[in-house]
Structures are given as C-alpha cells and as structure tokens.
Amino acid sequence: MAAVRTFAAVLSVFVVVSVAISARIHRAQPAPYMDEIFHVPQAQKYCQGKFTEWDPMITTLPGLYLASVGLLKPAVLVAGVEVGVACSTLLLRATNILFAVGNVYLLWALLRKIHGENSDPLLQCLNAVTLSSLPVLYFFSFLYYTDPGATFFTLFMYLLCCHDNHVLAAAMGFMAVMFRQTNVVWLVFCAGVTAVNLVERKHPPKRDPNVLAALSDGVRTVLRYLATVSHFAKVTLAVLPYAVQVTAFGVFVYANGGIVVGDRTSHQACLNFPQLFYFLCFSFLFSSPHVLSPSQVSQFLKCDRKKAGLLLLLLALSYVLVDRFTYVHPYLLADNRHFTFYVWQRLFQRHWAVKFALLPAYLYCGWSVFHQLGETRSPLWQLVFFVCVLVATVPQKLLEFRYFIVPYLLYRVHVRVTCYYRLLAELILYTAVNAVTLYLFVAKPFLWPDSSEQQHFMW
C-alpha cells in the first residue's frame, strides 16, 4: 500500500508538469507540424466516421487514429461537444499525454516484476518516472505522433508476457503493430524470452564469466529440453499466441506487397548495419550514470590474449560493416529541423575517417550495454534481445532516434538500480536534455528562405 501511495504522488507530479508543458507547446505551435499534417487530418476523418478515406502519404497502420476515436468520441456523446472540438489538434495531442501517463505505470509495474515488489518503493517510482522522461519519447508525447501509443502497447505486451499471460500479451502486440509495423519484432522477442524462461525455470543457467561458453551451454540446454515431447508441447503452446500474430502479419505483408502502407518511396529497407552501432551509443549515453564508472572502464581494458583476439576480430568486422553498409537517407541531409541533421553534419561529415575512428567507442558501448544486461539476464536472453534489436534497427535507412525508444526501454528496465545518486544523475540528465529540446522548439523558431511558415528544432 505504501508503494502505491508513493507511486500515486510521484505520478501526480508527472501529470501536472506534462500538462503544463503540453499547453506551452500548443501555444508555440497550435497548427499541425511535421508528420502531424498527415496524422491530424486522418484522425479527424475517423472522428467523422469516414473510415474508408485514407491519406496515401501515411505509412503506418491506423492504430493511432482508432485509439483517438475510442478516447475522444465518447466526449461528443457525454459532454455534447461538436466533433470538430473533440478531435481538435489540442485534444488529439492530449491523447498522447494519456499514453505517457500509462507508460509511467507500465514501467513501474515492469520494474517491480523484474526486480522484485519488495524493493525500495520510492526508488522504483523515480526509476519509472525517469524512464518515462526519456527525452525522445517524452518530447513526442506533446505532439500527435505514434511513438507514445506504440511504446505503451509494446510495454503492456511485455508486462503481460512477464506474468505469463500470453494470449492477452499477443493481443497487446497486435495493437502495438497497429501503431507501428516494426513492432512485430517485439512479438517475436516475447515469444523468444517466453521459451527461454520456460527452459531456464527447469534448468537455471550457471554463472560463467566466459559469456560464449555460457551461451553455448544455454543453447545445448534448450535443445535437450525441446527434445522431450512434453517440453516441446509446453513451449509451443506458450508461444502459439505470438506465432499466430506474427503469421497474420506475414500474410498482411504478402498481400500488401511490403511492410509499409501508403507512400513507400522514402521507406525502403536496406542492410544499414551501423544503425546497431548508433543504437548502442544512444543506449550508452542515456544510461551513462549507471554504466559509466572507472571500475567498468578498467574491467573493459583488462584483456587477456583470448579477449584481445575477440576484440580485434569484432573491430575488423565492424570496420567492414561501416565501410560497406553505411547508408545515408536524403532526409538526413536535407531537413535541418531534426537534431540528427546536425549530428551527421557536424560529426560524421567533418572527415571521411570519423566513422572509422568511432569504432572503438562502438565496441565499448556495446560491451557496456550487454555487461549491464548480464547482471540480471542470462546469455540466452541477451541473444534473443540482440537478434531482435538487430532486426528492428538494421533495415532502417534513416537515422531516426525514435526507432531506438522501445529497444532502449526494454534494455534499461533490466538494469538493476540500487543507488539514488546514479538515478538522480540520470533524471537530471534527462531533464536537462528535455529542457534544452523544449526551449529550442518553443523559443527558437526559424524561417526557411522559401517559406513564410515558422520551423522548429526537434528530435
């Protein structure tokens, strides 16, 4: 009960702050902006009951608009307001505030499930609010984008998966895919970790400092477990709800002729392997208060001959992947409203050798992230996660930090946090980045030479 009261108090502060920021954002940009120029009119058509009309420029499924209608249309009936008012840009954006609040609860529930309900209640509450304030996710909670809702249903799916409620988890996965098609990867992730959990409950993994040996042992254990008919049937039955959803999605992709609906010209898949490295750097940066310490740096630098050989092999592989598989989307070079434009221009385009000079940093970030996961998750679980991150990020040609939100949160909720100082440092980091981002959006609009409309800096 004390934990619930603490959570309610912390959540109330989050809601008040978020509503105030939302009102300020709306005053600065009351009209639909960026992708909102497609999303808002489409949602308003749905509010008017025009479900057969579709903007061909929209590339995602209609989950966002259906959710908005479900949340806002009752206001028309209860309050007697006009449809145009109930589905205004302001109230459509407000639905994402509701999803943001829901994400706080889901993260809190996940942290309690993963790390134990008897852990420090205030620490878990602050942890949940901190993760909900992840700058990229938090910023888009104030605009009418798919990210808060897509994150909400993916986290809901994983929470239900952790509680072994796989039928409802798969249903939440369906909703996550309706917001963003690439979330089908996290249905596969839930199926994978479900299978791993079933095996490891019967055969707990041994702690082994040699990760490759532990992984090899884990794979052999899984194969032996599945060789028993009753165990194979048990795993099959558990993962079946996810398999049904993934199969249905495969049928959709076949019938649709691709994963993207609407305009496909700017969303063509490719093998952009450096996306994995960008994700690892993103994860390291935003979890740095927990993963950056002299002891961890020292541990990484302590190399025996076998570890040095592995690092050299990974370095050589990374060089080939960066050299042969780096793709640059035209949007990245052309749209100066996004922070990624400046990251690319002022870092990667300064000199051709920069992308290779960063290879040691990529390796350290990757080691650091998976070293943290190794504190709470088995090598087999990490393998499932790594493969899903690979599939979720590599096919994306555009460097877009929004694509990293879900995999980052799934990584971060498994990081064991016991120190208030590190958690407060993380919250201060997020708050500072959010403050700068919101300040630039609100106070530093600018004009393009060929347009009279104000433009804003954003993620």
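For all residues, glycine too, the Cβ spot is worked out from N, Cα and C.
All TrEMBL annotations are machine predictions without curation.
The signal peptide annotation in TrEMBL covers 1-22. Residues or ranges marked as transmembrane segment in TrEMBL: 64-83, 90-109, 183-199, 239-262, 269-288, 308-332, 352-374, 380-399, 420-442.
If one looks beyond the transmembrane segment (308-332) by at least 6 residues along the same chain, the residues whose Cβ comes under 8 Å of a Cβ in the stretch are 266, 270-274, 277, 338, 340-341, 344, 355-356, 359-360, 362-363, 397-399. Looking at 64-83, 90-109, 239-262, 269-288, 420-442, the range that has the most CB pairs within less than 8 A of the transmembrane segment (380-399) turns out to be 269-288. Stretch with the most C-beta contacts under 8 angstroms to the transmembrane segment (352-374), considering only 90-109, 183-199, 269-288, 420-442: 269-288. Counted over residue pairs 6 or more apart, the CB atoms of the transmembrane segment (183-199) and the transmembrane segment (239-262) come under 8 Å in at least three pairs, which marks the two as touching.
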